[in-house]
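Asks: OK, Swiss-Prot features for this one:
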type	residues	note
TRANSMEM	5-25	transmembrane segment
TRANSMEM	52-72	transmembrane segment
TRANSMEM	77-97	transmembrane segment
TRANSMEM	117-137	transmembrane segment
TRANSMEM	147-167	transmembrane segment
TRANSMEM	176-196	transmembrane segment
TRANSMEM	202-222	transmembrane segment
TRANSMEM	227-247	transmembrane segment
TRANSMEM	253-273	transmembrane segment
TRANSMEM	302-322	transmembrane segment
């Protein structure tokens with residue numbers, strides 16, 4: 001019965017997101033909350049300048065309302081839901097401030113890297129402290145095995161790394177119309193299946209609410225995008241998916257299910273290291289999706305390819321997390 005309720009959860013979040021977006025997009029235009037495009041980015045992206053941003057607010061509202069309604073209905077409103085909403089709201093707020101400074105204060109870089117890192121660190125510490133207070137253990141499980149290691153306080157460092165790194169990795173992926181919306185829906189969908197297998201229904205409800213919310217947003221975010229989620233959405237989704245992996249004790253599996261985010265991040269790291277040490281670039285541009293654009297791929301082809309890779313990695317992650 002609850003499994004059917006999870007589909008209803010996704011459906012409700014989808015409908016809320018689809019209903020809110022047409023109302024919110026004109027509001028963003030009226031406020032002149034338009035995306036500015038970097039000059040050093042692909043030239044084809046210049047036509048996107050002025051597209052409303054901060055649409056991640058729609059994703060958050062749709063997800064939060066649906067999660068609370070369904071968690072209460074199925075009597076799964078507990079510490080897990082509170083922690084997930086805390087992280088999503090906290091990282092979403094950081095993203096909102098970053099977007100606000102960019103579009104309203106006209107400061108292209110938004111928050112400074114130190115300001116952003118400090119905010120991410122505070123949210124991550126709060127998450128760990130609350131989880132530890134709820135009796136959350138510090139074991140790390142090797143996916144597909146019964147092997148676990150107690151990391152003790154080193155687990156605290158792992159949590160910080162996952163939440164901060166995860167939010168930034170997902171943020172890097174949000175560079176093409178619909179790219180992040182699609183890959184996020186796939187990844188959260190995979191974790192919802194693992195959550196059901198573990199009978200962690202509160203986490204499953206949250207994941208399916210996110211799936212519905214981002215798919216509803218994708219209707220307006222697919223190429224050509226009528227709205228961007230901005231850092232408001234991408235940082236929130238990144239923090240949320242890392243928190244989900246931590247609560248499910250599938251920390252290492254996040255590397256597989258979130259493989260697209262990992263590849264995007266590695267491409268940036270490799271590019272920076274290569275340029276600083278040799279003066280040469282490995283990729284035509286990073287993150288990786290821009291490299292393929294400059295190789296002549298259409299934006300839609302890049303997006304669908306990355307969705308496909310994300311789907312295959314999600315299937316692999318489900319196989320390891322559920323059946324191995």
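Just so you know, glycine gets a Cβ as well, placed from its N, Cα and C.
Note that the structure is predicted; figures quoted are calculated from it, not measured.
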Asks: Under 8 angstroms, Cβ to Cβ: which one of 5-25, 117-137, 147-167, 227-247, 302-322 has the largest number of such pairs with the transmembrane segment (176-196)?
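Replies: Comparing 5-25, 117-137, 147-167, 227-247, 302-322 against the transmembrane segment (176-196), the winner is 302-322.
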Asks: So what's near the transmembrane segment (77-97) in sequence-distant terms, Cβ-Cβ under 8 Å and 6+ beyond its ends?
Replies: 54, 56-57, 60, 63-64, 67-68, 71, 110-111, 116, 119-120, 122-123, 126-127, 130-131, 134, 163, 167, 171, 200, 202-203, 205-206, 230-240, 242-244, 247
Asks: Flag the pair the transmembrane segment (5-25) / the transmembrane segment (202-222) as in contact if three or more Cβ pairs fall under 8 Å (sequence separation 6 or more).
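Replies: As far as Cβ distances go (cut-off 8 Å, pairs 6 or more apart), the transmembrane segment (5-25) and the transmembrane segment (202-222) touch.
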Asks: Do the transmembrane segment (147-167) and the transmembrane segment (52-72) come together with 3 or more C-beta pairs under 8 Å, pairs six or more apart in sequence?
Replies: no
Asks: Below 8 angstroms Cβ to Cβ, which residues of this chain, lying six or more residues outside the transmembrane segment (117-137), approach it?
Replies: 79, 82-83, 86-87, 90-91, 93-94, 97, 111, 150, 156, 159-160, 163-164, 167-168, 235, 239, 243, 246-247
